[in-house]
Every structure is written in C-alpha cells, then in structure tokens.
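> Handing you this structure, nothing more for now.
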C-alpha cells in the first residue's frame, strides 16, 4: 500500500538524514533547478529522479515493494548485545544487508532480497553514496514462490487503511500453497496474509490501535512517518545526521473515491472483532462480484 508519489520514501527514507555536514542557509544546488536548506542534500535530488524514473518507472510496482522491504529488513536487524560479544547481530540501518548480502540474504526472513540488491547496485554506484545512506510497500514473492507478487491488501498501490481493515476479516483460504510456516488463511482470493499481521490485529494490546488505522488516514500517515524515521535511525547517532526530507515530494490527498470500505462480498459480519474498547465501524461494501486481488505489476 503506497501511492506512486511516495515512492521516493522507499529508497530515500534513510538518505533523508545524511551523515555529517553543518546546517546553512538555503542554498542553490549545482543542478541549477533545486535549492536546499543544506548543501549536503543537493545530491539527493538526482538520486531521487534516477530511482523514480529508471528503477520504479514512476509506478508502485514490484521493485518499489521489494525496495521498501529491503530497508525494513536492514533496519530491524539490530542486536547491540550480540555485536558487543563479537557475534553477528546486525547493526540496524547500516546497509549491512547489501554489504554482506552473501550472508544476510541467506536468512529465512530475508529470502529473495538478493535480487533487489543486485538490481539496485548500478543506482548505488551512480549516486556516489555509501550503502548506509542509500535504501529502500508490500507484497510477497518468496514465502510462497508459486504465487509471486501477491499483495497483502486489495489496494497495494495506495497508502490507505485497507490493509488494517482486511487483516481483521475472517480468513477463508490460502491464496497458494497451504501450511507454510508464518502464513495463515486470507479472506480474499489473491490476497496474502502473514501470521504476524493476523496476530497483531487480534492481540488485546494492539487491536484497538490497529483498528483505528483502517479509518483514520491522517493518523496512519503520521504514525508511519514517525516510526519509519525512527527505524531508519536504528544503530546510528541522530546528532550526526542531517534532515534531507525536503527532497521528498509532497503527496496529494487520496482520491475522493478512495474511502475505507469492505471488499465486495464482505461486511461487518466477517470481522473478527478484537478491540474491546471500540466497536468496529460500519463501512460501505464495494459493489460488484466478490473481490479477487490482482498481482502487483512488474515494473
């Protein structure tokens, strides 16, 4: 789930805080087109355009989803305790998943990420940036290799709350093979569901917050921005970083037709209510035959 206008977040969220450099007045960038509050951010405009035009093709397709996953998996692999003991534990958002791709991409959780790392190498080389300063909406490719590019919700090209609505729907069948570790049944044909998402949506400690994201677009976007920024700083000293988020384009509002809804064929009776404090909201049901979710397009 992500609009094409946010695609630069996928590969530049870590670059939005570039290491070192002193804050200055707004400066004219050497490209003659852009200005920045810090000269260190100027180089990112060209990187942004290169990624959007030549890697993502200005679409929220397979490369965008995989790049987003790459950043997430690099950042969450952090274990200072193991590192202090001289063992490999991951250093957070440090680019190690690309630097040590022959090791880290063999971990079960990282299966398939070696492909996007290879795809991104020419872009990294052209950028003249370190791997830690370069990186990375969601679908599965390799958990069930028989059904690649299977999305987790019915609107994988929009940064909306449908994922949080649909993960609370009662699962009925697997979209591909059944019995794969870490997966559970999903409510829609062509939609994939991870066991971790299923449990978070139903755990009493997280259910109410999860439910709220389905209908509160502003809250969803604000929390996403805050959490992803924090994740991008794992393993780093924030005082040594520069905020270059001005490089990212401001996304337009969702189209008026994009309102929280139940997929065709589903309604409140299909919800597995988990939030004890707030009833699940009454939503309209999409018209038409029962929803079948298409695969994420190949870039």
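From the backbone N, Cα and C atoms, a Cβ is placed for every residue, glycine too.
According to TrEMBL, the feature active site, proton acceptor maps to 73. Look at TrEMBL and you will find 136, 153, 155, 160 tagged as Ca(2+) 2 binding site. Residues or ranges marked as disulfide bond by TrEMBL: 29-42, 41-244, 208-275. Feature annotation from TrEMBL assigns domain 'Plant heme peroxidase family profile' to 50-141. What TrEMBL lists as domain 'Fungal ligninase C-terminal' is 219-297. What TrEMBL records for 279-299 is region 'Disordered'. Positions annotated as signal peptide by TrEMBL: 1-21. Here TrEMBL flags 69 as site 'Transition state stabilizer'.
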> Can you tell me how far the Cα of residue 208 (disulfide bond) sits from the Cα of residue 160 (Ca(2+) 2 binding site), in Å?
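A Cα-Cα distance of 17 Å.
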> Specify the nearest of the recorded positions 29, 41, 153, 155 to the residue listed as 'active site, proton acceptor', where nearness means the distance between Cα atoms.
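That would be 153, the closest of 29, 41, 153, 155 to the residue listed as 'active site, proton acceptor'.
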> I'm trying to understand the geometry here, so how far is the Cα atom of residue 153 (Ca(2+) 2 binding site) from the Cα atom of residue 244 (disulfide bond), in Å to the nearest whole number?
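Here the two Cα atoms are 31 Å apart.
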> Can you tell me how far the Cα of residue 41 (disulfide bond) sits from the Cα of residue 29 (disulfide bond), in Å?
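Residue 29 (disulfide bond) has its Cα 9 Å from the Cα of residue 41 (disulfide bond).
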> Across the domain 'Plant heme peroxidase family profile' (50-141), what does the mean pLDDT come to, as a whole number?
70
> I'm trying to understand the geometry here, so how far is the Cα atom of residue 244 (disulfide bond) from the Cα atom of residue 29 (disulfide bond), in Å to the nearest whole number?
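Distance between the two Cα atoms comes out at 13 Å.
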> Which site among 69, 73 has the most other CB atoms no more than 10 Å from its CB, taking these as recorded positions?
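Highest number of other Cβ atoms within 10 Å: 69.
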> I'm trying to understand the geometry here, so how far is the Cα atom of residue 155 (Ca(2+) 2 binding site) from the Cα atom of residue 69 (site 'Transition state stabilizer'), in Å to the nearest whole number?
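Answer for this pair: 17 Å between alpha carbons.
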> For residue 69 (site 'Transition state stabilizer') and residue 275 (disulfide bond), determine the Cα separation and express it in whole Å.
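Between the Cα atoms of residue 69 (site 'Transition state stabilizer') and residue 275 (disulfide bond), the distance comes to 28 Å.
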> Would you find the one among the disulfide-bonded residues 208, 244 whose Cβ has the most company, meaning other Cβ atoms within 10 Å?
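Most Cβ neighbours within 10 Å: 244.
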